[in-house]
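According to TrEMBL, the protein carries these features:
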- A:12-34: transmembrane segment (TRANSMEM)
- A:46-63: transmembrane segment (TRANSMEM)
- A:84-108: transmembrane segment (TRANSMEM)
- A:128-149: transmembrane segment (TRANSMEM)
- A:156-173: transmembrane segment (TRANSMEM)
- A:208-227: transmembrane segment (TRANSMEM)
- A:234-251: transmembrane segment (TRANSMEM)
Amino acid sequence: MRALRIELRRSVALGIGLALLAFGAFTILAGGYFRYGGWAALSYTLRDSLLILWPLAAGAGAWQARREQSRGVAELMTTSARPAAAQLAPVAIALAVTVSLAYLLTLLAGSVRLWLSPAQPYLTLPGLAAAGVGALSLITAAWTGLAVGRAVPSRFTAPGLTLITFMIGAALQEFDLLSNTHDPGLLLATISAPYQQDWVQLPLSLSALQAFWLTALAFSAFCFTLARHRRGRALAVVPATLALMVTFPLLPAPTPDGWDTAFREDPEAMRPVCAEGEPRVCVMRVHSGLLEDLTPPIRQALKAMETLPSAPTAATEVRAESGSPDRQTLGFEIVLGAAGRLEEPGLITFETLREAMAPACEPPSDASFEDYSDRSLAWDLAGTWLTDQVDAPRGENWPDERFADAYAALTALPPQQQAEQIATYYRNATGCTGDLRADLLADVTGTVS
Amino acid sequence: MLHLRARHVPQALAVAFAATTAMWLGWLVFSTGEQIGERISALSIALACVAVAGTLAGYDESLDETGARPWPRVRALHLLIAFALLSGLFAISLLTPMRFGPLGFLIRDVAGALGLTALTAGALGSQRAWFGPVVLSAVNLFWGAPDDRPMLQALTFMIQPADSIAAGVAAAGLAVIGTLAYMRRPRRPATGL
């Protein structure tokens with residue numbers, strides 16, 4: 001214990017721990033870089049930061065290994081009666097403690113932030129496992145660094161190792177590498193969680209597989225650092241090699257779009273949870289903490305659509321890529337802001353209505369550019385008319401400079417006629433009938449263009 | 001020659017050359033484009049600068065001080081030669097089917113990263129000179145994307161397009177300040193690490 005305390009003070013352990021913590025805390029607390037709506041999603045998202053943390057921990061290990069050698073005490077130490085493992089253990093444990101603690105403290109910071117938000121925490125076993133593998137992987141990184149630093153005692157080793165592992169991580173993101181049947185990227189602990197998709201989970205089996213491989217690698221690295229002769233070093237590599245041979249064939253295949261490979265849908269997270277009262281508003285279980293904030297603006301959207309023909313009577317959360325389940329149900333997406341909160345709660349009604357007014361069908365294949373821009377102008381007019389939020393931000397998909405004039409022309413019509421125009425548009429847009437531009441824009445564009 | 005060997009220059013040259021060639025070769029094999037991704041290019045340049053960082057001092061900086069040499073001039077010359085060598089090394093790729101980036105990009109990144117290395121050497125001691133480029137690489141890798149905001153462009157100058165003004169200014173500033181800081185002799189005594 002005394003040796004461990006001394007090593008904590010005089011090795012690089014404390015420094016690298018603080019560096020990792022500073023980096024992790026910055027990603028979690030500042031900038032809203034990570035978006036997550038549940039604890040499991042936070043745990044997966046944090047694994048992304050290992051792209052940076054892993055190489056830094058490895059570099060610190062390599063630098064530490066050089067200390068022992070550059071002081072010229074290595075030979076002296078071999079004369080001591082203590083076994084080599086007992087000599088190495090304090091510094092290896094000191095490194096392991098600080099790097100893994102830095103990761104867990106970062107996670108804790110994110111957790112506190114999540115608990116302070118209205119979001120439901122949604123703490124799951126696969127999420128906990130993913131966090132454990134993340135912390136473990138940093139221990140592996142530091143010990144691998146120790147081994148590499150011992151194997152290549154040079155002043156270029158530590159920075160070189162850090163930058164080369166950076167490159168490997170970046171290269172794995174740039175290329176769909178090598179294997180079509182097993183994703184080699186999963187041998188690293190870095191995993192990019194799918195953006196804003198809180199309903200996924202990292203299967204426990206994969207976490208177990210990664211934990212097994214990372215533990216074997218850490219054990220090999222520890223033994224390698226201990227070994228004083230070539231034979232010992234060769235023996236030390238055996239556990240990692242065996243683990244690699246077992247692990248690799250079990251890794252899932254990569255998908256064409258890369259890093260989301262490992263994630264699967266989580267049925268429990270997707271189970272609908274509904275608010276009390278009518279009309280019915282439902283969200284996924286993982287977002288049930290946000291239901292209270294969401295229900296009023298969504299009911300407001302339902303109310304705005306009341307006058308439309310066969311308007312929806314209930315609403316449910318949908319995923320970004322899938323639309324409403326049926327015409328009687330209004331689908332809406334949840335856009336997350338920083339740490340478990342909603343992004344722009346004031347725009348929920350507007351955004352939901354605009355999505356609801358989207359044409360259900362693609363335009364005919366021979367449609368010209370004017371057809372496209374008229375369709376989106378009509379869509380924008382209809383979506384805006386329901387809330388009358390003319391100044392709502394429209395994003396770069398709505399560049400039509402005719403909007404202001406067209407909207408003025410539309411609202412200049414008698415109220416009854418306005419409602420009829422919108423109803424006709426809605427019927428045609430959702431039913432794939434008629435000509436969207438003719439229906440809504442005939443009167444309007446006539447006066448504009 | 002002895003001076004160069006004491007500063008590990010042969011090893012540094014070997015490291016810089018081998019790493020750059022390996023990156024270039026790897027990209028040639030795996031990619032179909034004709035330019036290496038800017039994140040990998042920036043990392044390659046940082047790696048070469050880290051190799052230079054190993055040559056910024058001998059075994060012990062305080063020993064250097066005892067030599068009656070015009071140290072500021074020697075140090076400035078050292079940086080200048082390193083800059084020329086690295087720029088040349090990366091510029092060679094312009095003649096091949098796979099380049100690290102346009103010439104302006106390469107020169108800006110080498111100048112900026114080398115300046116940061118020298119600045120770190122001046123502030124923390126030459127043994128720790130590689131902290132600067134490694135931390136900058138981490139920032140580039142994590143937050144690096146072309147961005148409109150000048151502050152962010154300056155921070156991640158190594159991966160910005162060659163015509164970014166903020167990135168160019170940041171690199172030039174680092175080059176000048178770094179050279180001055182390193183000429184003015186490192187303050188920290190060597191600790192042996």
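Quick reminder: no glycine exception, Cβ is built from N, Cα and C everywhere.
TrEMBL: automatically predicted annotations, no manual curation.
On a predicted model such as this, the values are computed, not experimentally measured, just so you know.
Only pairs six or more apart in sequence are counted, and the transmembrane segment (A:84-108) with the transmembrane segment (A:208-227) gives three or more Cβ pairs under 8 Å, enough to call it a contact. By the count of Cβ pairs under 8 Å, the stretch nearest in packing to the transmembrane segment (A:46-63) among A:12-34, A:128-149, A:156-173, A:234-251 is A:128-149.
Comparison of A:12-34, A:156-173, A:234-251 by number of C-beta pairs under 8 angstroms to the transmembrane segment (A:128-149) places A:156-173 first.
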